[in-house]
Amino acid sequence: MLHRIYTLLLILAGVILAPLLFYRYVTTPKYRGTLAQRLGQLHPQLLADAQQRPLIWLHAVSVGEAMAARDLTQHMAQCYPDHLLVVSTVTKTGQQVVQEKMPWVAHHLFLPLDLPLCINGVIRALKPKLCVVMETELWPNFFKALQQINCPIVVINGRLSPGSYRNYRRVRWAMTAFLAPITHMAMQSSMDAQRMREIGGDPNRVSALGNLKYDQALKPPTALEQQQLVQKVGALPPRQWLWMAASTHPGEEQLVLQVFTNLRQRHPELRLILAPRHPERAEPVAALIRAQGLSFTRLSQATPPWQSAILLVDGIGWLTRLYPHCHGVFMGGSLIPRGGQNMLEPSACGVPTLFGPHTFNFKHIAQQLEEAHAALRVADAQRLEQQLEWLLQNPLHRDQMGHAARQVVEANTGALARTLTCIQAIYPPAARAVP
């Protein structure tokens, strides 16, 4: 009954929002070309391959989750060599990560809408033997369809933000039923595990195994990736005179540009790398830069040497190559109430990280970095400017912060091995299921 009510509410919401959804599909490039798969249509080659080999399905909603799952998928491909490894995402940027960073993955697909008409046929056609879901993507009809074919479901790297926790607790009576099909829930921290139990997760199926993003952050760029960066921008300026605003959101770029303008008046050598969270926003951000009267170069169009004041990153997969060259990195989504973005990657590169007051999506990580004096929290743009000035003026303290940041990341690795052990216990590699 609960699943029927949920499905009816989804349909009702879809009907009400249909004009808006259609407009976004037509006008927004990242949604185009995905509708057929979201409605349950599968590529013929995927269907043919699924008839020949047992299939493992991993779901990662977007870029961050896909990047965190990269090493895990590689290990899974090695542990289950006779299985077909398929990864689904919701976004095109997530698809791009899968296609560019995971050559061992056999197929990518966009997750179908969580409606029985869309998802049930896909599950029956693919017959997955194991489903692994990154973080806390809870899709009741998806999980129910998997349960009906006795497919184990493992949620890994799970987390519950304070807002999600409060909302789910209000409907605990429903969450208990929706979580029941999940075989195991491996959460990032003991707090996340406790929250999962309190919203209805079976205590015997919940554990805290750590955060995969610590392990992934320590993976350095390959020699080829570094060479590609040099081919784009040439030799970068000295670390003293380069900072980055990474994964910024609307409302933050204007603040960042004003801070940069003020700092550049005192430090003409200073340059900025500006990377919007969503690369498709590059043109609106470019308009802001022009309005500020600053010179800039789009990374996609760059040729060495880079000489403009700002490098505008308009693609994915570049940040980990750029972080090591910066004297400081401001992580976006934190000056506005978006919950912040992953600050582990610059920390793993030994670079001091700055972030605003809103880091609820990365509360535990931010707290660890602050306690280790490896990051700086700023209340507003004015304080951001002051702290960046301090980092410029104090290279010794800057290096000490960077070293401390690297140590925090190194001290918290190990989730990858624990997660793989958990998955293997539920679906042993020796299993040779008939497709």
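Glycine is no exception: its Cβ is also placed from the backbone N, Cα and C atoms.
If you check TrEMBL, you get these features:
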ACT_SITE  GLU65  active site, proton acceptor
DOMAIN    35-216  domain '3-deoxy-D-manno-octulosonic-acid transferase N-terminal'
SITE      GLU135  site 'Transition state stabilizer'
SITE      LYS213  site 'Transition state stabilizer'
TRANSMEM  6-26  transmembrane segment
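On the backbone, the CA of LYS213 (site 'Transition state stabilizer') and the CA of GLU65 (active site, proton acceptor) stand 9 Å apart.
Around the Cβ of the residue listed as 'active site, proton acceptor', 23 further Cβ atoms fall within 10 Å across all displayed protein chains.
Take the CB of GLU135 (site 'Transition state stabilizer') and look out to 10 A: across all protein chains shown you find 23 other CB atoms.
Taken residue by residue with DSSP, GLU65 (active site, proton acceptor) is part of a helix. GLU65 (active site, proton acceptor) is 7 Å away from GLU135 (site 'Transition state stabilizer') when you measure Cα to Cα.
A 10 Å cutoff on Cβ-Cβ distances gives LYS213 (site 'Transition state stabilizer') a total of 23 other Cβ atoms nearby, all chains included.
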